[in-house]
Amino acid sequence: MPGPLSDPQVADLLDRETRRRDTTLQLLASETPASAAVRATLTSDLGTKYAEGYPGARYHGGCEVADEVENLAIGRAAELFGADYVNVQPLSGSVAGLAVYAAFAQPGDPILALGLRHGGHQTHGSRANFSGRWFAPIHYGVRRSDERVDYAELRDLALLHRPRIIVVGGAAYARSFDFAALRTIADEAEAILWVDAAHLAGLVAGGVIDSPVPHADVVTLATHKVLQGPRGGMILARAEHRAVLQKAVHPFVQGGPSMHSIAAKAVCMREARTAAFAAYASDAVAAAQRLGAELAGHGLRIVSGDTDLHFAVVDVSGLGMSGAQAQRRLDSAGIVVDRSVIPFDSRPVSEGSAIRFGTPCAVLAGLGPTAMPDVADWMVRALAAEAGATQHADIRREIRLRLGG
Ligand SMILES: *Cc1c(COP(=O)(O)O)cnc(C)c1O
């Protein structure tokens with residue numbers, strides 16, 4: 001069978017992407033390289049199987065194997081996360097979220113979510129996203145004093161506005177949530193409690209942080225972040241929400257599912273039960289805490305002082321630069337991070353005053369907690385020089401050698 005090499009242009013691009021990853025330090029919070037088993041599954045014949053509908057109720061013929069694959073993935077997710085109801089069809093984390101809105105809210109309904117500038121996510125009521133256009137978002141935030149979620153404010157807002165849904169989770173909030181307290185608030189306000197666990201799911205699976213599943217009405221996740229699975233989403237919920245969520249995913253939001261991705265989700269959930277996975281998840285958090293502490297030792301400010309997760313937000317405004325500028329300097333030295341905002345940031349989101357680093361890829365590349373002093377050293381040296389400086393070539397070389405590339 002001809003591989004991608006039969007297309008020289010694409011083959012060249014794929015080679016370059018592999019080389020880029022192998023020779024630079026991926027400090028991204030949202031990405032992980034999937035295992036060989038997950039990747040092999042993604043190239044299987046299931047990739048071209050049409051299986052619109054659900055197991056036992058498909059619109060297409062020849063779905064007997066697809067049905068078994070989907071049921072296997074559902075069973076594994078139910079066991080791994082202790083969920084009553086599972087939907088493995090969402091094509092991404094955002095699409096899983098869209099289905100949750102569709103299941104529980106009508107256009108114009110109030111929703112209460114963590115603000116984007118306080119670490120939330122654009123699908124939690126940002127105006128650029130459907131969630132901010134079709135619903136009436138109210139945002140809770142973090143306190144100025146300790147940059148942690150203010151549960152008293154959240155409760156006041158919930159009782160005042162009576163949102164249909166309280167959304168918990170974010171893309172740049174590095175602290176754990178008090179799910180039990182949130183459940184109490186949601187009950188008082190008679191709201192649906194939705195935990196968007198896109199970033200949290202892998203840490204929950206690895207047993208490193210508390211699970212939102214016993215407390216939330218519905219939990220969405222992304223399978224391609226810490227969980228190390230294929231690009232995709234998933235929904236977990238209490239049994240009572242089964243009917244609305246089934247219809248919301250299909251046919252309201254999606255047509256046919258990606259069956260190869262569902263098979264790969266099953267594979268990654270089996271891998272997530274291993275001791276090796278638990279060690280990786282725990283190392284990812286320990287490494288993020290260590291790297292944060294090392295950077296703080298070099299005078300950088302970690303938003304909220306620390307992290308409970310696999311990433312942290314680092315305020316670089318004290319260096320007299322924006323997050324975007326810091327990102328470019330690090331990139332020039334072969335260190336790949338995201339830019340971010342800090343709470344109450346005066347810079348636009350496109351610039352930000354912070355970078356967000358994540359540790360899963362580094363841990364998987366062999367750079368665990370004990371390597372973090374060296375990583376901090378590379379970062380601090382990289383931040384001190386303009387993009388393109390000769391010092392950056394030196395750092396690049398050191399990183400490449402360390403990665404064995
Ligand atoms: C990553 C993320 C998503 C969306 O994931 P996609 O798969 O890119 O759509 C949703 N919510 C949060 C909080 C995220 O971090």
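Every residue gets a Cβ built from N, Cα and C, even glycine.
According to TrEMBL, the domain 'Serine hydroxymethyltransferase-like' annotation covers 6-379.
Under DSSP, Leu116 ((6S)-5,6,7,8-tetrahydrofolate binding site) is assigned to a helix (H, G or I) in the three-state scheme. The Cβ of Leu116 ((6S)-5,6,7,8-tetrahydrofolate binding site) lies under 8 Å from the Cβ of Gln122, His124, Ser126, His139, Val341, Val349, each on the same chain and at least six residues away in sequence. Positions annotated as (6S)-5,6,7,8-tetrahydrofolate binding site by TrEMBL: Leu116.
Taken residue by residue with DSSP, His224 (site 'Plays an important role in substrate specificity') is part of neither helix nor strand, so it is coil. Annotation for His224 (site 'Plays an important role in substrate specificity'): spatial neighbours Ser30, Glu31, Thr32, Ala34, Pro230, Arg231, Gly232, criterion Cβ-Cβ under 8 Å with sequence separation of six or more. The annotation site 'Plays an important role in substrate specificity' is assigned in TrEMBL to His224.
Listed in sequence order, Ala29, Ser30, Glu31, Thr32, Ala198, His199, Ala201, Gly202, Pro360 are the same-chain residues six or more apart from Lys225 (N6-(pyridoxal phosphate)lysine) with CB atoms under 8 A from its CB. According to TrEMBL, the N6-(pyridoxal phosphate)lysine annotation covers Lys225.
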